[in-house]
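Colleague: According to TrEMBL, the protein carries these features:
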type: DOMAIN; residues: 99-302; note: domain 'Neurotransmitter-gated ion-channel ligand-binding'
type: DOMAIN; residues: 310-422; note: domain 'Neurotransmitter-gated ion-channel transmembrane'
type: REGION; residues: 31-59; note: region 'Disordered'
type: TRANSMEM; residues: 303-326; note: transmembrane segment
type: TRANSMEM; residues: 338-356; note: transmembrane segment
type: TRANSMEM; residues: 368-390; note: transmembrane segment
Amino acid sequence: MPYFTKAAFVLFGLILIGGCAKLRSGRTRRWTGAGEAHKHGAGARAPPVTPHAPHGPIGVKRAEERGAQSHSATSEIGLSLLSKKAVDMTKTRKVKTDHLLRVDDHDFTMRPAFAGPAVPVGVDVQVESLDSISEVDMDFTMTLYLRHYWKDERLSFPSNNNQSMTFDGRLVKKIWVPDMFFVHSKRSFTHDTTTDNVMLRVYPDGKVLYSLRVTVTAMCNMDLSRFPLDTQTCSLEIESYAYTDDDLMLYWKKGNDSLKTDERISLSQFRIQKFHTTTKLAFYSSTGWYNRLYITFTLRRHIFFFLLQTYFPATLMVMLSWVSFWIDRRAVPARVPLGITTVLTMSTIITGVNASMPRVSYIKAVDIYLWVSFVFVFLSVIEYAAVNYLSTVQERKERKLRERLPCTCGLTHPDDMMMSNSYSDMDVNTTGNYGLGEESGDKRERILVQLALGEQRGGGRSRSPRAYSSIWIDTHTIDKYSRVIFPGSYALFNVIYWSIYL
């Protein structure tokens, strides 16, 4: 039994091997025939029917099968040719940028023309915006396009049309670029949205253009002695960090035309007067001389904001303090709060202005105006204090004289005395500027005190008007003079102040 089983398996294997051999021979014969047909130009045409082909349905069927086989073979040949052609097109050799520029063949840690003359590096700048000017921090923030131009023969490449190649920041890390930095900068960064804002352009002869977009915050030494009527000059300084003037020669590529500004640049507090460029040498005791490029711009501060927020309120407070000169000296609840209110308001204005300014050790122009205005307001309060004090002292003297007089009933009536020649020439100010119609009793009593005092001191002789005026001090005279002196002095101060600082 096992022998029969083994024989059956062997027979089955031989049958399978024979079937596979037939299939392979049929495929080989079909592809060979198709290839020969294509080789002899029979391409898409079906092979002709031989005259010995059997006629009838069976012959027609065989002819159709042969035609179908021939058509399928032709289509497969066409697809294979297309695939071969596509493969051939992709096999064309592409030259990489690194190979074209021979980046790996040179040591780019060295500057161009190492151990030779200094490398000329031209610079031009386009200012995109002046973002802010800070008096407190004494700095400014600027966004600009910084471009460098130099020649590196190691990057030269053959070109028939002299066309340059442009790259992004990835190639910059593989070649030599100038090591520029901003002197006296506090913060700076290169923009990286959406990618690093860096551009490198290489020409066939080795000339290089390197551009990047930078925002830098740099120090600006401001002189605020004329604030807010000041003009500030700030500079952005560019310099090589490692290479001295023996290795790197920085210069403005087109002179003063190397600096371009956007016409839409504007600031809230300043008006940009001008931009200009300069070049100087900077010396460091430990390293040597370096070329330094300057971008200098001049700013004029707008005054209208400070007129509305500082000067006009201070002037109005001073003028408001003068109102007390027209209020009766006995109206203490009216004059005292008015003076205190103006003083406190001036203190608030001064504090608000100084809060937004740096703590400098010198006096600013706005400080002079505010403190002089504060002094005028304070003097108006002092003026009323003097008026009140002198009035009190005079009333005390009159009270004492009144107590010393034995009786005033024998004296002539004040109305009659006013009509006499000796009293008619008396200055009205000696009577305290009081009309006989108002508070006539108090006024008559004061006149009697004056006359009695004059009779006691003169021994019965008549006194001159000046003698009476020296005895009686009219406190209203101080207010009357203050109405003229205070406004006149303040107007004179304004004329001098604005003629100096404007």
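Note: Cβ is positioned from N, Cα and C throughout, glycine not excepted.
Caution: TrEMBL annotation is automatic and unverified by curators.
Explain the structural surroundings of these features, please.
Modeller: Mean pLDDT for the domain 'Neurotransmitter-gated ion-channel ligand-binding' (99-302) in this predicted model: 91.
Within the same chain, residues 228-229, 269, 334-335, 338-339, 342, 345-346, 349, 353, 366, 369-370, 373, 376-377, 380-381, 383-384, 479, 482-483, 486-487, 490, 494 sit at least 6 positions outside the transmembrane segment (303-326) and bring their C-beta atoms closer than 8 Å to a C-beta of that stretch.
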Colleague: Looking only at the domain 'Neurotransmitter-gated ion-channel transmembrane' (310-422), what are its DSSP counts of helix, strand and coil residues?
Modeller: 89 helix, 0 strand, 24 coil
